Amino acid sequence: MAAKQPPPLMKKHSQTDLVSRLKTRKILGVGGEDDDGEVHRSKISQVLGNEIKFAVREPLGLRVWQFLSAMLFSSVAIMALALPDQLYDAVFDGAEVTSKTPIRLYGGALLSISLIMWNALYTAEKVIIRWTLLTEACYFGVQSLVVTATLAETGLMSLGTLLLLASRLLFVIVSIYYYYQVGRKPKKV
């Protein structure tokens, strides 16, 4: 009883069979575009992601601006907490302080914002950097409106307060500029 030999198996060359390769890539989910329009070359890059996508392309001078902002917020906060009379006098040029409590509360709020600014200086996360820049722009914008309204009520106008307003508006512009620069999508390489 001779056992009959099975016919030799035909090996399929899937590397050369384009339809088979396409089906395999489709099953693996490789080669198609993701939500951001990126085409992944391998399953590993699809699972792990493309690290370029997560890297923040920092605009020139961003970290210097963050450092200066954190220093400004900290120094004004400390001055408002420790020397409320002098801070009020510097802003409103000779007007009398009726109560130190609101100025000290302002200093406490500024100190809290400055802690956020200091922490944002050491992060690489785009969202955190953008939120701190937006917070800064909103703060300076609101401060400009409050100082303008106070000057309109009191009628006190001096060179110091005009310089303060001009500097605050400049800070708003710079913060918004960096906010949009950090939010830009990186160019495909």
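Including glycine, each Cβ sits where the backbone N, Cα and C put it.
What you see is a predicted model, and the numbers here were worked out from it, not measured in a lab.
Taken straight from Swiss-Prot:
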- 1-63: topological domain 'Cytoplasmic' (TOPO_DOM)
- Ser14: phosphoserine (MOD_RES)
- 64-84: transmembrane segment (TRANSMEM)
- 85-108: topological domain 'Extracellular' (TOPO_DOM)
- 109-129: transmembrane segment (TRANSMEM)
- 131-151: transmembrane segment (TRANSMEM)
- 152-155: topological domain 'Extracellular' (TOPO_DOM)
- 156-176: transmembrane segment (TRANSMEM)
- 177-189: topological domain 'Cytoplasmic' (TOPO_DOM)
The topological domain 'Extracellular' (152-155) [mean pLDDT, rounded to integer]: 84
Tertiary contacts of the topological domain 'Extracellular' (85-108), as residues 6+ beyond its ends and Cβ separation under 8 Å: 76-79, 147, 150, 154, 156, 158, 160-161, 164
